[in-house]
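A.B. asks: Feature table excerpt (Swiss-Prot):
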TOPO_DOM  1-6  topological domain 'Cytoplasmic'
TRANSMEM  7-27  transmembrane segment
TOPO_DOM  28-43  topological domain 'Extracellular'
TRANSMEM  44-64  transmembrane segment
TOPO_DOM  65-71  topological domain 'Cytoplasmic'
TRANSMEM  72-92  transmembrane segment
TOPO_DOM  93-105  topological domain 'Extracellular'
CARBOHYD  N94  N-linked glycosylation site
TRANSMEM  106-126  transmembrane segment
TOPO_DOM  127-137  topological domain 'Cytoplasmic'
TRANSMEM  138-158  transmembrane segment
TOPO_DOM  159-220  topological domain 'Extracellular'
CARBOHYD  N168  N-linked glycosylation site
TRANSMEM  221-241  transmembrane segment
TOPO_DOM  242-297  topological domain 'Cytoplasmic'
MOD_RES   S251  phosphoserine
REGION    266-290  region 'Disordered'
TRANSMEM  298-318  transmembrane segment
TOPO_DOM  319-335  topological domain 'Extracellular'
TRANSMEM  336-356  transmembrane segment
TOPO_DOM  357-361  topological domain 'Cytoplasmic'
TRANSMEM  362-382  transmembrane segment
TOPO_DOM  383-396  topological domain 'Extracellular'
TRANSMEM  397-417  transmembrane segment
TOPO_DOM  418-427  topological domain 'Cytoplasmic'
TRANSMEM  428-448  transmembrane segment
TOPO_DOM  449-469  topological domain 'Extracellular'
Amino acid sequence: MALLTHLLVCTFGMGSWVAINGLWVELPLLVTELPEGWYLPSYLTMVIQLANIGPLLVTLLHHFQPSCLSEVPIIFTVLAVGTVACALFAFLWNVTSWVLDGRHSIAFMVLTFFLALVDCTSSVTFLPFMSRLPACYLTTFFVGEGLSSLLPALVALAQGSGLTTCVNVTQPPDTTPSTATTGKTVFLQGANSTLGTDLTGTTRSAIHLESRYLPANFSPLVFFLLLSFMMACCLAAFFLLQRQPRPRESSIEDLLTSQVTLHSIRPREGDDLGPPDPGPSSKAQGLPEEKTASDHPAHLAFIYVLVAFVNALTNGVLPSVQTYSCLSYGPVAYHLSATLSSMANPLACFLSMFLPHRSLPFLGVLTVLGTGFGAYNMAMAVMSPCPLMQGHWAGEILIVASWVLFIGCLSYVKVMLGVILRDRSRSALVWCGAAVQLGSLLGALLMFPLVNVLRLFSSADFCSLQCSA
């Protein structure tokens with residue numbers, strides 16, 4: 001029964017962000033079809049953050065009307081909406097409308113908003129629901145949350161989403177560039193453009209290398225239907241969790257009952273022994289030495305600030321520039337960084353099950369370390385299209401490793417902070433979810449003008465890129 005519950009909790013946790021993560025990994029294929037092009041990631045970031053109206057409403061209701069708020073119907077609703085929205089995506093993702101000065105993916109943006117509303121609201125409903133289960137299941141929930149990024153990434157990898165190659169493109173003189181190709185290559189040598197001449201010296205045509213996307217193994221329609229199936233599995237898992245014979249609140253009630261019993265017995269045993277020894281009583285309260293990190297108000301404030309900061313980096317700041325930081329090193333580096341960093345998330349959560357460390361100084365140091373890797377990723381994005389060691393194998397290894405370690409370190413921190421707050425109270429988990437969304441919102445609001453308005457980042461075409469040594 002315990003193994004089945006772990007499996008259900010893991011599947012349930014996967015539903016927290018699987019839909020939005022699926023959109024992100026499908027972006028390399030979507031940007032070639034939608035009119036927004038490579039500005040689509042920053043548009044998505046803003047649309048996703050607008051959906052924070054959902055968690056804001058839930059948090060306000062929890063604060064002012066806690067008695068009228070029940071997570072169960074909200075969770076059923078958001079999972080059902082997510083399943084339907086993913087199914088609609090399969091048929092409407094490429095529908096465009098003429099708005100103001102051009103065509104825009106209005107249907108895509110509207111459906112993205114509903115998916116984001118589902119996933120953002122999960123932060124303030126799924127975690128409080130987990131307080132009804134024994135503490136050992138919370139880490140399993142975070143493993144499932146990590147799988148919400150890994151499984152779509154593996155599907156996108158099987159799809160071949162966004163794989164590119166370099167082709168020779170012939171451009172006749174005094175004409176616009178042609179898409180006709182005269183050959184294919186997989187890397188760039190020498191100059192990126194040559195001119196053909198006849199015997200009289202007249203220029204005939206220009207030949208240069210350009211990136212071309214390879215056909216996907218299956219269409220976005222199939223991909224989004226698979227996403228809808230994943231969401232349906234999450235809905236079924238939550239339904240089965242509700243049908244489990246053991247009441248969800250029993251773990252907490254049993255703990256409180258055992259504490260009352262122990263406290264009521266202690267004075268009788270200690271009538272002739274002086275003041276009661278606090279040792280056994282404190283042990284019965286669930287290892288308070290591990291919970292002291294969240295007992296002091298300053299420590300609690302530090303935890304919430306850390307939650308907001310970590311999620312600002314992982315959900316708002318760095319995702320907006322991943323393409324800029326990786327594509328200059330080539331499509332292989334980009335795909336490895338996206339896929340392996342998605343694998344780092346559940347692996348870090350799984351590691352926390354066997355190597356838990358609740359020390360706030362340790363988590364602070366790990367946050368600084370992860371932030372350092374994030375700073376390297378940001379620096380390479382700023383230096384695009386000619387970052388450090390561009391064109392060298394060491395540069396590719398560094399950028400992939402940096403993204404993996406960035407996600408891995410901060411994912412571990414997020415899990416342990418959630419475990420600390422879970423031991424405090426259900427309300428602490430609600431505010432933890434609010435801090436998650438606040439940090440994500442602030443990160444997105446910071447990056448949107450930098451990417452779309454000021455345009456501080458330059459995209460790179462790996463095939464035609466020439467950087468000075």
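Each residue, glycine too, has its Cβ placed from N, Cα and C.
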A.B. asks: Under 8 angstroms, Cβ to Cβ: which one of 44-64, 72-92, 221-241, 298-318, 428-448 has the largest number of such pairs with the transmembrane segment (397-417)?
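C.D. replies: Ranking 44-64, 72-92, 221-241, 298-318, 428-448 by Cβ pairs under 8 Å to the transmembrane segment (397-417) puts 298-318 first.
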A.B. asks: Sequence gap of 6 or more, Cβ distance under 8 Å: name the residues on the same chain that satisfy this around N94 (N-linked glycosylation site), in order along the sequence.
C.D. replies: E33, L34, S105, F108, P220
A.B. asks: Determine how many residues of the topological domain 'Extracellular' (28-43) DSSP places in helix, in strand and in coil.
C.D. replies: 10 helix, 0 strand, 6 coil
A.B. asks: Mind pulling out the one from 106-126, 221-241, 336-356 with the most Cβ pairs under 8 angstroms to the transmembrane segment (7-27)?
C.D. replies: 221-241
A.B. asks: Tell me if the transmembrane segment (72-92) touches the transmembrane segment (428-448). I count contact as 3 or more CB pairs below 8 A, with pairs 6 or more residues apart.
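C.D. replies: The answer is no, given that the two segments have fewer than 3 Cβ pairs within the 8 Å cut-off.
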A.B. asks: Averaged over the topological domain 'Extracellular' (28-43), what pLDDT does the prediction give?
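C.D. replies: Overall, the topological domain 'Extracellular' (28-43) comes to a mean pLDDT of 80.
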A.B. asks: What's the number of neighbouring CB atoms sitting within 10 A of the CB on N168 (N-linked glycosylation site)?
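C.D. replies: Result for N168 (N-linked glycosylation site): 16 other Cβ atoms within 10 Å.
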A.B. asks: Under 8 angstroms, Cβ to Cβ: which one of 44-64, 72-92, 106-126 has the largest number of such pairs with the transmembrane segment (221-241)?
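C.D. replies: Comparing 44-64, 72-92, 106-126: 72-92 has the most Cβ pairs near the transmembrane segment (221-241).
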A.B. asks: Which residue counts does DSSP give the topological domain 'Cytoplasmic' (357-361) for helix, strand and coil?
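C.D. replies: Tallied per class, the topological domain 'Cytoplasmic' (357-361) gives 2 helix, 0 strand, 3 coil.
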